[in-house]
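Novice: So TrEMBL has the following annotated:
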- Y235: active site, proton donor (ACT_SITE)
- 48-53, 74-75, 111-112, 139-140, K244, 273-275: NAD(+) binding site (BINDING)
- Y225: substrate binding site (BINDING)
- 2-80: domain 'Trans-2-enoyl-CoA reductase-like NAD(P)H binding' (DOMAIN)
- 82-316: domain 'Trans-2-enoyl-CoA reductase catalytic' (DOMAIN)
- 323-386: domain 'Enoyl reductase FAD binding' (DOMAIN)
- E75: site 'Plays an important role in discriminating NADH against NADPH' (SITE)
Amino acid sequence: MIIKPKIRGFICTNAHPKGCAASVQQQIDYVQSQGELPNKPKNVLVIGCSTGYGLASRITAAFAGGANTLGVCFEKPPSETKTGTAGWYNTAAFHQAAKAAGLYADTLNGDAFGKEMKQQVIDTLKANMGKVDLVIYSLASPRRTDPETGEIYKSTLKPVGQSFKTKTYDTDKNLVHEIALEPANEDEIQQTIKVMGGEDWELWLNALADADLLADGCKTTAYTYVGKELTWPIYGQATIGKAKEDLDRAAAAIVKSKAALNVQAYVSSLKALVTQASSAIPVMPLYISLIYKVMKDEGTHQGCIGQIYDLFADKLTQTQPQTDALGRLYMNDKETNDATQAKIKTLWDQVTQENFHELSDYAGYHHDFLQLFGFDVQGVDYDAEVEPLVSW
Ligand code: NAD
């Protein structure tokens, strides 16, 4: 099969196995070039391991730390006629590289919110890996089925309290325009907290503790985006921000309930980057295209793998990591500092349909977007036949 990108709105509906493998290899090469981590975690569980920040976490733990990794993801396998999802191919490439490096790796594909997956993980850890000393929680999902009641919760991306008018860039129509977003009602806020808040993170830690699979001093982190004034109305202070606030509650609850095991639970605040999850958020393609421009000019731009390697090296694997006032591992200062935000705000105020491509780094955004699905990766021949049926 010859595979070219099929873009529909903010998503690409296919993926390129060789491109995904090359992009995974680039991330492995990057962490290996950065040097080994201090206080390396030995057994790492990554929930949401196949794309974006979770994949970068798994690669860092394994290839900069030599860790055994068990991953959980929700990806579609390929068929004779249809490609698998990018996360499927990324995971296959990760397994191949881990095997070649003599590293234990296993991945379970299914719904991480459900009881069945938690049991499968427990069984796999008991059989093959033992207690975990690091749990990464990196799920991004539009819905969650309640494991007790079967109720389906849906997350919404809406402001809270008042409507909000802002600029946005429609990647499909190549159009800078204004959108008006109506505020969420209370039910939408609560449902978003159910999906993207900390409840499931806590359930994971409870299940692992009950099965005696948390090592003494085990660390765990869930990822958040805090942002600044430009994104607060649609992120930080919006429905998704309310869900992310719930992660702070969950971190404190995990530390308290697992005190006998000395579990350290952190929310890590990361920078805005192009991932499958962020490209679905209104305003983000415009905001990210502008921060790419500013941060590349400042020499501070990083991709997922750069952010996560630094998170592991500078914070997560340190004995007493420095936290912000809210107890978070804050990695996002290069984006949210006042000087950088002021430059982005100036561009934001100036940007129009006419000057968008000149003022922004949309080319960089689009390249990163394609690369999420294994396209536009250097060294890959996209005119060549490629076998879509890849597995691990
Ligand atoms: P992503 O879409 O790239 O990754 C999501 C992962 O979750 C994938 O591995 C997917 O397979 C898995 N997943 C989704 N639903 C699942 C389910 N039901 N069961 C099992 N696995 C499931 O997203 P991302 O941007 O890397 O986001 C990861 C975390 O980082 C999120 O909490 C997000 O809010 C946070 N974050 C993202 C950004 C950003 O700019 N992208 C910035 C800061 C924080």
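Cβ atoms here come from the backbone N, Cα and C positions, even for glycine.
Owing to the predicted nature of the structure, the values given are computational and were not obtained by experimental measurement.
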Novice: Could you tell me how many residues in the domain 'Enoyl reductase FAD binding' (323-386) are helical, how many are strand and how many are coil under DSSP?
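Specialist: Grouping H, G, I as helix and E, B as strand yields 32 helix, 2 strand, 30 coil.
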Novice: Counting each residue once, how many in the domain 'Trans-2-enoyl-CoA reductase-like NAD(P)H binding' (2-80) are helix, strand and coil under DSSP?
Specialist: 30 helix, 15 strand, 34 coil
Novice: What's the CA to CA span in angstrom from G52 (NAD(+) binding site) over to E75 (site 'Plays an important role in discriminating NADH against NADPH')?
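Specialist: With the alpha carbons as reference points, the distance is 13 Å.
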Novice: By the count of other Cβ atoms within 10 Å, pick out the sparsest of the recorded positions F74, Y225, Y235.
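Specialist: With the recorded positions F74, Y225, Y235, fewest surrounding Cβ atoms within 10 Å: F74.
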Novice: List those of the recorded positions Y235, K244, V274 whose Cβ lies under 6 Å from any atom of ligand 1, in sequence order, or write none if there are none.
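Specialist: Checked recorded positions vs ligand 1; nothing flagged, none.
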Novice: Three states by DSSP: which one describes K244 (NAD(+) binding site)?
Specialist: helix
Novice: Counting other Cβ atoms within 10 Å of each residue's Cβ, which of the binding-site residues G52, D111, V274 comes out lowest?
Specialist: D111
